[in-house]
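Straight from TrEMBL, the features:
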- Leu8, Ala9, Gly10, Lys21, Asn49, Asp67, Asp99: GTP binding site (BINDING)
- Asp99: Mg(2+) binding site (BINDING)
- 5-143: domain 'MobA-like NTP transferase' (DOMAIN)
Amino acid sequence: MACACVVLAGGAATRMGGGDKPLLTAGRATLLARLLERLAGEGRPLAINARGDAGRFAAYGLPVLPDEIEGAGPLAGVLAAMDWAAGLGRAEVLTVPGDTPFVPRGLAAMLAPAAAVAVSGGRRHHLVALWPVAARAALRERLRAIGPDAPRAAFGVRAFAETIGVREVVFADAPFDPFLNVNTPEDLEVARRIAEGEDGVLF
């Protein structure tokens, strides 16, 4: 059975002046819309993980999954994704940050089998990953044991991934990095230039 896919949209845009990075526009669409267009083509169940008011994502018509464990950073989103996928009877779940709009089509199949993480340009993209849903009990136990007041490093995605034997899958980074992560205004300008080259085809 095909894996489920969850977009992790809960990160704070501190370097972008606040707000939801996935809702920023690049060309004729938001970063989130561009990402969902790629993921939807795989015919897999899709959801969004986000903190706060789910209504801000209502236009996308997808389930919005809250974090079960507050203050646990991105791993809380991974856990929410695993739990949702388990409820659908899926053995694997793909996670992708919502500010990573240009992932390859067919990404889940490229990463399979779980556990696997994407690498490009010598950089490991910890949240562009295919996770085994069977690891959710271990992740939940890990997050609850750490506690909300622990240093941020304690919630590291890489550290958890290593405990489940994650593999690295290397992707080409030309003509552009498919895992471009929009963290700064400069990154957004790069994304907009890439989008300009695609809009005549996609929209």
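Quick reminder: no glycine exception, Cβ is built from N, Cα and C everywhere.
TrEMBL: automatically predicted annotations, no manual curation.
Secondary structure at Asn49 (GTP binding site), taken from DSSP and collapsed to helix, strand or coil, is strand. Sorting the domain 'MobA-like NTP transferase' (5-143) by DSSP state (H, G, I as helix; E, B as strand; all else coil) yields 53 helix, 35 strand, 51 coil. Sorted by the number of other CB atoms within 10 A, the binding-site residues Leu8, Ala9 start with Leu8, the lowest. Pairwise Cα distances among Leu8, Ala9, Gly10, Lys21, Asn49, Asp67, Asp99, the recorded GTP-binding residues, top out at 18 Å.
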